[in-house]
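Annotated features in TrEMBL:
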- His6, His8, Glu109, Asp224: divalent metal cation 1 binding site (BINDING)
- His152, His177: divalent metal cation 2 binding site (BINDING)
Amino acid sequence: MLIDTHAHLNFAAFEKDVKKIIQRSVENDVWMINVGTQYNTSERAVEIADGYKKGVYAAIGLHPLHLEEQKLDKSEVGFLPKFKTRSEEFDYERYKKLAQSEKVIAVGEIGLDYYYKPKTKRKLEIFKQKQREALLNQLRLAQELDLPVIFHCRMAHDDLIQTIKQFNNLTMRGTIHCFTGNWEQAEEYMNMGFYLGFNGIIFKLNLDEIIRKTPLDKILVETDCPYLTPSPMTGRNEPLYVKYVAEKIAKIKNLSFEEIAKITTQNAKKSFKINQ
Ligand SMILES: [Zn+2]
């Protein structure tokens with residue numbers, strides 16, 4: 001059995017065949033967490049999870065990129081034209097209400113993303129401050145609901161580490177999804193009790209050394225589908241392909257696929273308190 005700890009079957013890319021994709025995942029013992037990126041995709045993740053007794057869970061949150069006006073990614077929100085807002089502010093009470101479903105097992109994906117950062121110093125400050133505020137508000141929500149967090153972080157690990165430390169909640173649990181930072185940052189996160197999530201990006205970037213050094217009890221596997229399809233597959237990614245990620249980690253760590261599957265599933269169940 002495997003748990004894809006970061007999937008987006010809540011996105012438009014799966015509008016037409018989400019049931020079929022879930023069925024073939026669950027039949028092959030691959031469970032999943034569908035992760036929200038803004039209110040509508042969070043709501044959709046909950047709606048999907050509520051349709052299954054077990055094996056399909058939801059995370060709700062506002063991704064830092066959705067705080068800004070941006071080109072909409074068709075595969076993400078195209079199927080909900082009425083939600084084509086160009087940016088969103090974090091509404092604490094609205095998300096809190098959404099979290100009342102028992103299938104909501106995390107707050108995410110939340111974090112910092114400096115990929116599209118503005119060029120002037122003043123705009124950059126405002127941009128970073130806005131992301132930081134939305135992040136802190138969502139950390140407060142996770143704390144109030146006693147839920148773990150799923151972090152998204154791109155080109156901002158040092159600021160994220162600093163923000164988590166300033167928040168100073170010793171009971172905070174969670175995952176750094178799609179980890180691509182350096183070893184020093186990996187250690188910082190793990191020392192604070194976080195797990196590192198690896199996906200198909202390990203076929204594109206060389207993270208072998210990081211994976212080799214990361215203790216087994218800190219590793220989660222994920223797909224980030226429909227994106228980041230792992231080799232040898234091509235086209236749209238899906239939860240079933242998490243097995244290729246686990247296979248590659250097994251190879252790097254010189255262990256069997258079964259061992260990696262077993263320990264990462266245990267880690268996921270523990271981290272997200274999945275008791276099924
Ligand atoms: Zn994601």
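Just so you know, glycine gets a Cβ as well, placed from its N, Cα and C.
Where the annotation comes from TrEMBL, it is an automatic prediction and has not been curated.
Bear in mind that the values here come from a model prediction, so they are computed numbers and not experimental data.
What TrEMBL annotates, mapped onto the structure for a quick look.
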{"residue": "His6", "record": "divalent metal cation 1 binding site", "DSSP class": "strand"}
{"residue": "Glu109", "record": "divalent metal cation 1 binding site", "DSSP class": "strand"}
{"residue": "His152", "record": "divalent metal cation 2 binding site", "DSSP class": "strand"}
{"residue": "His177", "record": "divalent metal cation 2 binding site", "DSSP class": "coil"}
{"residue": "Asp224", "record": "divalent metal cation 1 binding site", "DSSP class": "coil"}
Subject >> Integer Cα-Cα distance in angstrom, His6 (divalent metal cation 1 binding site) to His177 (divalent metal cation 2 binding site) >> reply: 7
Subject >> Cβ-centroid neighbours of divalent metal cation 1 site His6, His8, Glu109, Asp224, 8 Å, sequence order >> reply: Ala7, Val35, Thr37, Ile150, His152, His177, Cys178, Glu222, Thr223, Cys225, Tyr227
**OP:** Can you grab the distance from His8 (divalent metal cation 1 binding site) over to His177 (divalent metal cation 2 binding site)? Cα atoms, rounded to a whole Å.
**Re:** 13
Subject >> Sequence-distant neighbours of Asp224 (divalent metal cation 1 binding site) in its chain (C-beta under 8 A, six or more apart) >> reply: His6, Ala7, His8, His177, Cys178, Asn199, Gly200, Ile201, Asn237
Original post:
Of His6, His8, His152, His177, which of the binding-site residues has the most Cβ neighbours inside 10 Å?
Top reply: His6
Original post:
Just counting, how many other CB atoms are there within 10 A of the CB of Glu109 (divalent metal cation 1 binding site)?
Top reply: 29
Subject >> Alpha-carbon spacing, Glu109 (divalent metal cation 1 binding site) to His152 (divalent metal cation 2 binding site), which is rounded to whole Å >> reply: 6
